[in-house]
Amino acid sequence: MASAVERDVGKVVEPIWGLRSGFEELSLNKLATSLGASEQALRLIISIFLGYPLALFYRHYLFYKDSYLIHLFHAFTGLSIAYFNFGYQFYHSLLCVILQFLILRLMGRTMTAVLTTFCLQMAYLLAGYYFTATGNYDIKWTMPHCVLTLKLIGLAVDYFDGGRNQNTLSSEQQKYAIRGVPSLLEVAGFSYFYGAFLVGPQFSMNHYMKLVQGQLTDIPGKMPNSTIPALKRLSLGLIYLVGYTLLSPHITEDYLLTEDYENRPFWFRCMYMLVWGKFVLYKYVTCWLVTEGVCILTGLGFNGFEENGKAKWDACANMKVWLFETNPRFNGTIASFNINTNAWVARYFFKRLKFLGNKELSQGLSLLFLALWHGLHSGYLVCFQMEFLIVIVEKKAANLIRESPALSNLASVTVLQPFFYLVQQTIHWLFMGYSMTAFCLFTWDKWFKVYKSVYFLGHVFFLSLLFILPYIHKSMVPRKEKLKKME
């Protein structure tokens, strides 16, 4: 009898629940359409901003509570955010987290565990890219999974370092090495922390455990005094969000593929690429600033104190906005953009290739890893290949200017410096846009068409400089300067 009643109730509840879900989908869809965005993009934005009420709940009800409650809170909220965005496909991340825990427990602190983790997690991510990839930018489960992949690889490396002789480790490796044995709940809380699950930033297990233990505060024994710093990053993120929302209907990568763009004058095509290249990065800047604010609010952004005793909240900073907006060099953009991911690659990949004995080879392999980590499209490889080429040429040009008396004297003329700055910034953002064209258009038929329309300007310009600069250096740098450098 009871089972019959349950079946009847189920028959009633099921269509009601389906109708409710349908209304939710419809309302989100309508709202997204009115904002000129996709429903998935709207869900992503909602989820990122949801970090603030969750952080406030954590501060007022869980700070200094039992660690298992905090891990449960982080795991549950992260999984809920994953379900809200990707439905039952959240199982991909859950499966990889459980597998990673088993690898740590069964293989221990061994190189085998590190290599197994790297191969398994990267293979799972690349398989996800292969089976879900389209010719457009889609927000799907692989987006947060690439963030998770780095977390889990870093976890395995730090766990391995925790079992090594501490005297053989660098000071950085000692800082991140994990001495204890993480439980499944700890690994889940670390992986699903709501302030970083979707778009980053990266942080270590040790730093996360300090958060759980209440150590990340500028006032020992009390909640961190981080509300104002968090609101500053949130406000800055909102400014970028408004700017991106207002400009996105008018400056799109789709226009690069139109006949109208192709028929425009060459100077116009270059200037459009320059403006678009600068603007397209704002969506990433927005997400990282907003999530950084969440991390600061919880205390995860605490990074010790300055010499004057002022608290630093930049442990989870993924952007140095002033440097990003003002520095006229490509190295400046690299140093100011996606900071934590770049730091992760430097710490766990680039520096671990020291045995190769070749810095440029290690840098090239690191960029190749980054390209594959972003996806399987050829555009990623072309973008990071251009970055590698530009950085090498920029370094050679800087050395030439510094070592040539004539060029260094010219560069130091005060009245000419605004002109030099303008030229540098124009070159900087033109070829940043050129590189981002391949990154955002993904497939070779699209980026090849756009590059052809500007006569492969970036490749021609920097490859030419790569071969010409050594001869210019030889003619403009006096022999005695070279001898002094050798000494």
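The backbone N, Cα and C atoms fix where each Cβ goes, glycine too.
Whatever TrEMBL says is automated annotation, not expert-curated.
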Listed range which TrEMBL flags as transmembrane segment, given the options 183-201, 430-448: 430-448
Paired segments the transmembrane segment (41-61) and the transmembrane segment (281-302) in contact, 3+ CB pairs under 8 A: yes
Same-chain residues near the transmembrane segment (281-302), Cβ under 8 Å, at least 6 residues beyond its ends: 44, 48-49, 51-52, 54-56, 58-59, 193-196, 198-201, 203, 207-208, 211, 216-218, 223-224, 226-227, 229-234, 236-238, 240-241, 243-244, 247, 311-319, 321, 324, 337-338, 436
Positions whose Cβ lies under 8 angstroms from the transmembrane segment (367-393), at least six residues beyond its ends: 122, 125-126, 129-130, 133, 142, 146, 149-150, 330-331, 334, 341, 345, 349, 360, 431, 434-436, 438-444, 446-447, 458-459, 462-463, 465-466, 469
Folded-back contacts onto the transmembrane segment (114-132), same chain, C-beta under 8 angstroms, at least six residues removed: 92, 96, 99-100, 103, 107, 138, 140-142, 145-146, 149, 152-153, 155-157, 160, 372-373, 375-376
